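Novice: This is the feature table in TrEMBL:
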- 50-68: transmembrane segment (TRANSMEM)
- Gly56, Ala58, Val59, Asn63, Ser306, Asn338, Leu403, Asp406, Ser407: Na(+) binding site (BINDING)
- 80-101: transmembrane segment (TRANSMEM)
- 122-148: transmembrane segment (TRANSMEM)
- Cys161-Cys170: disulfide bond (DISULFID)
- 221-240: transmembrane segment (TRANSMEM)
- 252-275: transmembrane segment (TRANSMEM)
- 295-320: transmembrane segment (TRANSMEM)
- 332-358: transmembrane segment (TRANSMEM)
- 378-403: transmembrane segment (TRANSMEM)
- 435-453: transmembrane segment (TRANSMEM)
- 473-490: transmembrane segment (TRANSMEM)
- 511-532: transmembrane segment (TRANSMEM)
- 552-571: transmembrane segment (TRANSMEM)
Amino acid sequence: MAKGASSDSSGCGGIYSVSVEQQDKKAAMCPGVPAAGKGERETWTRQMDFIMSCVGFAVGLGNVWRFPYLCYKNGGGVFLIPYLLIALIGGIPIFFLEISLGQFMKAGSINVWNIAPLFKGLGFASMVIVFYCNTYYIMVLAWGFYYLVKSFAATLPWATCGNPWNSDECVEIFRHEDCANGTATGNLTCDELSDKRSPVIEFWENKVLRLSGGLELPGEINWEVTLCLLACWVLVYFCVWKGVKSTGKIVYFTATFPYVVLIILLIRGVMLPGAQDGIIYYLKPDWSKLASPQVWIDAGTQIFFSYAIGLGALTALGSYNRFNNNCYKDAIILALINSGTSFFSGFVVFSILGFMAAEQGVDISKVAESGPGLAFIAYPRAVTLMPVAPLWAALFFFMLLLLGLDSQFVGVEGFITGILDFFPATYTFRFQREIIVAVSCAVCFFLELSMVTEGGMYVFQLFDYYSASGTTLLWQAFWECIAVGWVYGADRFMDDIACMIGYRPSLWMKWCWMFLTPLICLGVFLFNVAYYKPLIYNNSYVYPWWGEAIGWGFALSSMLCVPLTALYKLIRAKGTLAEVRLLPRSPEWKRPRTPRFKGVGLSLESEHPTLDQGCAGGNAC
């Protein structure tokens, strides 16, 4: 048995490596599968580790704080029609493609594109996008951690006025019956109260963000939030530093416990007055919305963002699977879990928003929020109206922390996998992984110091709106389909999958990769461009032109990786375009050992030395 190989036939127990006999047997059965060589890639201890890691990564904050709001905003239950349609045509096929590609190539987000070298820019693009995500996404965890710490108090600090950060305009939440005669406490009319500020908003803007007047006014660093950010990065580091051996265990808790909290919050939420109205508001269909292009744009961007497509992390996670793992079944299950969680979260969120609207005597549209507005304004305001408010606040923010934490450290794992695979197999040094993880975390931390200043929220919004937006992810998904469906060949890739799982997937996948998914991606991408709106913070602050230019710089830094890398390879290629096009487009270890042109089709030197050693022995090559 190879070092670390399992003693049982299922490959479970201990870090799994395929034995020499098993690998050679697969090579004989399926031409092109590499025979055993040195330095086998580590794999998940159990296949459930992979499932949990994918759930932890793909099921994140967007499922809880963005999908319910989009569903309400875009026609309630009607929104499920474009959402499910795009999931079926675009989300699930690309989700399956990325996982199966990683499993087949046994490589991270860069080296998997040796399958179509002209499109290796997709790997660089995904590394850029996931780096941006790792940089700004953890700020939400830092804010959540800060709120969690502040929840351990007899009176929640955002529930009352009179604190050092409150202004003279601060007025505590009043109930609807207080305005029955047109007046409320403090001899103020309800019209006058509408101009006042809630203590929840003041805690968020004056205490947590210490919000300045704009992007051009960075101000001072908030050291309390900085310490929370540092604590989050320390947690992420120790979750990732040992690789899938540690990641695969931690996600059992971080991926499952949020569901426990969601169920508890739902039970509590449906028992509150006004909850039924909130749920009806969430699901009430408005059929006229189907004619709006914005509904389809929102559905497309939500699918691609919540499925974590185009980030390279799914490819990295799939690369640690056993070669014969049924990734087809896994992809379907994971997609159902992802979308099901989004739909379920809507009941939790809107039961509580319905209660809050009833308590304040306003329409639900006045309290419905998405993104940070839901997590740090709407929900904190709701818990102040509940009995035992600190308990519900602590539960919510603990769930928020776990939802974001596993998405963060799996994203970092995907980034680190891409970096490590980029190094030559012969170039290793002691504590290589631990040092690279530490350097990556430190770089991200120091970049994020710009987000814990008084102007940090404006920087955060720039990253969120441009760097990993629907536009960049749709661009990435479109070219992935072109590379696999047309350049490498959909039929060839279907055969490769059959080598792994024992049968060819549904023809639906082939049709999607070749036709339907690229068309959906291109259509939503063009709608995004046509209906582009400049970034505005809080419906009031308009970003300066140079701020938008920085944002588009973030977007283009990943999008241009694809054409620029292709252009570079074409310039370096020797021979005519017709000759270049005839080059083999299989993984390096599947190619016949014949002379070829250098450049687009890769050179004679192997980019998979371990796998080529197996080919050199005359096994299945």
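Indices start at 1 and increase along the chain as displayed.
Cβ atoms are placed via backbone N, Cα and C, with glycine included.
Where in this structure would I find these features, and how exposed are they?
Specialist: Neighbours of Leu403 (Na(+) binding site), defined as other CB atoms within 10 A of its CB across all chains, total 30.
Packing against the transmembrane segment (122-148) from elsewhere in the chain are residues 61, 108-113, 208, 224-225, 228-229, 231-233, 236, 310-313, 315, 372, 375-376, 380, 393-394, 397-398, 400-401, 404-405, 407-408, 411-412, 414-415, 418-419, 440, 444, 447-448, 451-452, 456, 460, 463-464, 467-468, 472-473, 476, 479-480, 483, 554, 557-559, 561-562, 565: each is 6 or more residues past its ends and has a CB under 8 Å from a CB in it.
Counting every protein chain shown, the Cβ of Cys161 (disulfide bond) has 17 other Cβ atoms within 10 Å.
Long-range neighbours of the transmembrane segment (221-240) within the same chain, counting only residues 6 or more positions beyond its ends whose Cβ lies under 8 Å from a Cβ of the stretch, are 138-139, 141-143, 145-146, 149, 208-210, 246-247, 250, 405, 408-409, 412-413, 416, 437-438, 441, 444-445, 448-449, 452-454, 456.
Residues 41-44, 50, 53-54, 57-60, 62-63, 66-67, 70, 73-75, 78-79, 82-83, 85-87, 90-91, 94-95, 98-103, 105-110, 112, 123, 125-127, 129-130, 133, 244, 289, 327, 335, 338-339, 342, 407, 410-411, 413-415, 417-418, 468-470, 472-474, 476-477, 480, 520-521, 524, 527-528, 531 of the same chain lie 6 or more positions beyond the ends of the transmembrane segment (295-320) yet place their CB under 8 Å from a CB of it.
Outside the transmembrane segment (378-403), and at least 6 residues removed from its termini, the chain residues within Cβ reach (under 8 Å) are 59-61, 63-64, 140-141, 144-145, 147-148, 151-154, 156, 158-159, 173, 198, 200, 203-204, 253-254, 257-258, 261-262, 264-265, 268, 272, 352-353, 355-356, 359, 367-369.
Within its own chain, the transmembrane segment (511-532) is flanked in space by residues 86, 89-90, 93-94, 97, 293-294, 296-297, 300-301, 470-471, 474-475, 477-478, 481-482, 484-486, 490, 493, which lie at least six positions past its ends and keep a Cβ under 8 Å from the stretch.
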Novice: Which one, from the binding-site residues Ser306, Ser407, has the smallest tally of other C-beta atoms lying within 10 Å of its C-beta?
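Specialist: Counting other Cβ atoms within 10 Å of each of the binding-site residues Ser306, Ser407, the minimum falls on Ser306.
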Novice: Is it true that the transmembrane segment (80-101) and the transmembrane segment (435-453) have 3 or more CB pairs under 8 Å, sequence gap of 6 or more?
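Specialist: Counting Cβ pairs under 8 Å, fewer than 3, so no.
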Novice: Going by a 10 angstroms cut-off between Cβ atoms, which of the recorded positions Val59, Cys170 has the sparsest surroundings?
Specialist: Cys170
Novice: Calculate the distance in Å between the alpha carbons (Cα) of Ser407 (Na(+) binding site) and Cys161 (disulfide bond), and round it to a whole number.
Specialist: 35
Novice: What does the structure give for the C-alpha distance between Leu403 (Na(+) binding site) and Cys161 (disulfide bond)? Integer Å is fine.
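Specialist: Cα-Cα distance, Leu403 (Na(+) binding site) to Cys161 (disulfide bond): 31 Å.
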Novice: Give the nonlocal contacts of the transmembrane segment (252-275) in its own chain as ranges (CB under 8 Å, at least six residues past its ends).
Specialist: 49, 52-53, 55-56, 59, 64, 341, 344-345, 347-348, 351-352, 354-359, 386, 392, 395-396, 398-399, 402-403, 405-406
Novice: Can you name every residue in this chain, apart from Gly56, Ala58, Val59, Asn63, Ser306, Asn338, Leu403, Asp406, Ser407, with its Cβ inside 8 Å of the center of the Cβ atoms of the recorded Na(+) site?
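Specialist: Near the Na(+) site, beyond Gly56, Ala58, Val59, Asn63, Ser306, Asn338, Leu403, Asp406, Ser407, sit Val55, Phe57, Gly60, Leu61, Gly62, Ala255, Ala308, Thr341.
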